[in-house]
């Protein structure tokens, strides 16, 4: 096959995505301090994004060096599983953030740990089921007319995935609106109790809303173009449009560690310790709330 520059870009992006998220996975799963539910959810997100990066690399390797229908189904199934788990993990993190504010008094309890494991099981169970569909026979290899913009996925399969994305996006949007309301109310109450000036309350509220807008805006900017094109395009659509919308979706796995992991002070301390030993032992480890992550 002639080398497609878009495939090269996706492969290089997959390599960067894999390396970046591998750092997060190693830090979280091999550090005893990171056993809180919020870090488990971030670890789930990083694992999903790590698999997505590996899927992009394997797809490039098998397409150009060992092409076969069976391998194509496996790699596409891996990508569907990992990207679905990534999007679903973002929803679980949003739910965890909301519950940490709405049920602040009971958040640090055994019930929260149980709920976290249930969300993880549901997230990965549904993602694996979605990924196994092409391998189990729901593909367009024997019926090219049913192919979608992403071969060998069928049009109906991609419609279901897109509908699931819009459902997740709507749920996240609703939860973040509620989070904004809770943050504004809490900031106002703190300002009244501590006799802050109105300007301080305004600055605090604006920073909180701006952070939530960046989180949701990055997610929408990366995934909405591809989700919409999955509904509008078909097998006859130009491949250029598929690559142009798929690449930003893949980049969501690149920016997730920056938004959800590297901004956390505890993770930063561990990274500084590993990289250059700049961590000061006098700085106490403080388990932050999910809204700070």
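Using the three backbone atoms N, Cα and C, a Cβ is placed for every residue, glycine included.
For the transmembrane segment (6-31), the residues of the chain that approach it from at least six positions outside its boundaries are 39-40, 42-43, 46-47, 49-50, 52-57, 59-60, 63-64, 239-240, 243, 246-247, 250-251, 253-254, 256-257, 261-262, 267, 270-271, 274, judged by C-beta separation under 8 angstroms. Marked as transmembrane segment by TrEMBL: 6-31 (among others).
The average pLDDT computed for the domain 'G-protein coupled receptors family 1 profile' (20-260) is 87. According to TrEMBL, the domain 'G-protein coupled receptors family 1 profile' annotation covers 20-260.
Taken from TrEMBL, the feature transmembrane segment covers 38-65 (among others).
Remote same-chain partners of the transmembrane segment (71-95), defined as residues 6 or more beyond its termini with a Cβ less than 8 Å from a stretch Cβ, comprise 38, 41-42, 44-45, 47-52, 54-56, 58-59, 62-63, 116, 119-120, 123-124, 126-128, 130-135, 139, 141, 150, 152-153, 161, 164-165, 168, 171-172, 175-176, 179, 219, 223, 249, 252-253, 256, 260, 290, 293. The annotation transmembrane segment is assigned in TrEMBL to 71-95 (among others).
The transmembrane segment annotation in TrEMBL covers 116-138 (among others).
Sequence annotations record features per position, and here TrEMBL assigns transmembrane segment to 158-177 (among others). Here the transmembrane segment (158-177) has long-range neighbours at 80, 84, 87-88, 90-91, 94-95, 97-98, 130, 148-150, 212, 215-216, 219-220, 223-224, 227-228, 230-231, meaning same-chain residues at least 6 beyond its ends whose C-beta is under 8 angstroms from one of its own.
Feature annotation from TrEMBL assigns transmembrane segment to 209-228 (among others).
Among residues of the same chain six or more beyond the transmembrane segment (240-262), those with a C-beta under 8 A of the stretch's C-beta atoms are 6, 9-10, 13-14, 16-17, 20-21, 23-24, 27-28, 42, 45-46, 48-49, 52-53, 56, 83, 86, 90, 93, 149-150, 214-215, 218-219, 221-223, 225-226, 229, 233, 268, 271, 293. Here TrEMBL flags 240-262 (among others) as transmembrane segment.
Long-range contacts of the transmembrane segment (209-228) within its own chain (CB-CB distance under 8 A, at least 6 residues past either end) are made by residues 87, 90, 162, 165-166, 169, 172-173, 176, 179-180, 183-184, 244-246, 248-249, 251-252, 255, 259.
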